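Scroll down for the structure; my scribbles are underneath it.
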Amino acid sequence: MEPAAAPASHADLHSGHAAARGFRSRQYAALALTFAAYAAFHASRKPPSIVKAVLSAEWAPFSGPRGTHRLGELDVAFLSAYAAAMFAAGHLADRADLRVLLAAAMVASGATSAALGAAYFFDVHSFPFFLAAQVASGVVQSAGWPCVVAVVGNWFGHASHRGTIMGLWTSHTSVGNIAGSVLAAAVLEFGWGWSFMVPAFVITALGVVVLVFLVAHPSDAGLELDKMEIEMNGDGGEEVELLVEEKKIVEGDDGELEVEMRCQLPRAIGFLEAWRLPGVAPYAFCLFFSKLVAYTFLYWLPFYIRNNAVAGQFLSHKASGVLSIVFDIGGVLGGVSAGFLSDAIGARAVTSAVFLLLSIPALILYRTFGSISMRHNIGLMFLSGYFVNGPYSLITTAVATDLGTQDAIKGNSRALATVSAIIDGTGSIGAAMGPLLTGYISTRGWNSVFFMLIMSISIALMFLIRIARDEIVSKIGARH
């Protein structure tokens, strides 16, 4: 009989708890830095929507009869470049130093935003200049999302309550929109160029902070992720997938033969291989249509508020921009609620489908009754943001992480950035279509725009029906 293992000493236990606390603090530091980084990306995207009404009123080439068309074309220039570059960015993020790539993307985004602001100070009226600046901005910003998702996946890839964590974390989108709206609107009276310059400074400064302080992976800090998670969760049954690169028989110190193996991490997954993973395509196409709706509000809501009277009165440019943050406040709570609910019921698709379904009457009510009074407008705008942003936030974070670490690839964490880029890149194509179509359709009336949004939500819902049904069947089967 083998002797019983000696009990762990008090010093060993204390050391283990201290290591776990240190690991947890680094987790939260990575969460906070990536949150701030992506909030800054969204803050730098918000100025075009804040200055839209000013440009259409007084700045050529956007002040003519085709002004709204050209404003929509600017939106699609950014979002098309963003979507096209996203697929390459995800492939690059799975192979590059995430800290350096993310910081470089932030500094470059600050430069492109500053270039747009410079058009005001140098009296530039060239439409090709605005287009080129938006295309450049879309390309450099595309690296942001796969980088932050991969970093969070590195630190929280096996965490319980992932949906709740991601729901809280993904509020960076709405927080960034709110911050960008407030900053851009606050300095708009000094000239619309400042609405670009201030967010440009913020994202550049945060890019430097990320470069200095972000730890992209536990191994970069000399930590062993799976060992720390086992100690914190009290579960010794987790497995780590390693590929055996070399194996040989050697003689040990005691004269017995031993097996010596040299291992490596799994290879990064291929682009087409990632597309074929279960669930990736349906969720990607669902996000195409749901992100179309979310980004239409992102780029056109201040313009819509400015040109539609509330209680018989038209709001100023600044007031319209500030009021539009109510939609994003609803989006913050919607994203957190969707993540918490999906964890509670263990069904991401069902949760997303419920939010999509309820967003249809929310949009109808906002369009129909939002002009009655300021109270109606704020309440119904909040409700619309809550239901529209819930599934959008859930799919781009918790769902993407689930799919990027699923059993089909045996937890290969080097697939996460690629899968996230595929889902968000496909969604970004839809995001490009929404603002472009709105620029043309709005000239026929805003009822047509809201009809387009409701049809998009309905199509997004169709892509989730089969997955949601499978989740429900699985839950019923488990109970029996």
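From the backbone N, Cα and C atoms, a Cβ is placed for every residue, glycine too.
Those TrEMBL annotations? Automatic predictions, nothing curated.
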- Message: Between the candidate ranges 13-34, 255-276, 321-342, where does TrEMBL place the transmembrane segment annotation?
- Response: 321-342
- the transmembrane segment (100-122): which same-chain residues, six or more beyond its ends, come within Cβ distance under 8 Å? 37, 40-41, 44, 47-48, 92-93, 129-130, 133-134, 136-137, 140-144, 147-148, 151, 191-197, 199-204, 206-208, 210-211, 214, 216
- Checking 76-93, 168-188, 321-342, 449-468 against the transmembrane segment (280-301) for Cβ pairs under 8 Å, the most are found for 449-468
- Would you confirm whether the transmembrane segment (168-188) and the transmembrane segment (415-437) meet the contact rule of 3 or more C-beta pairs below 8 angstroms, pairs 6 or more apart in sequence? no
- Note on the structure: Same-chain residues at least 6 beyond the ends of the transmembrane segment (449-468) with CB under 8 Å of its CB atoms are 279, 282-283, 285-290, 292-293, 296, 300, 347, 349-350, 352-353, 356-357, 359-360, 363-364, 367, 388, 391, 430, 434, 437-438, 441-442
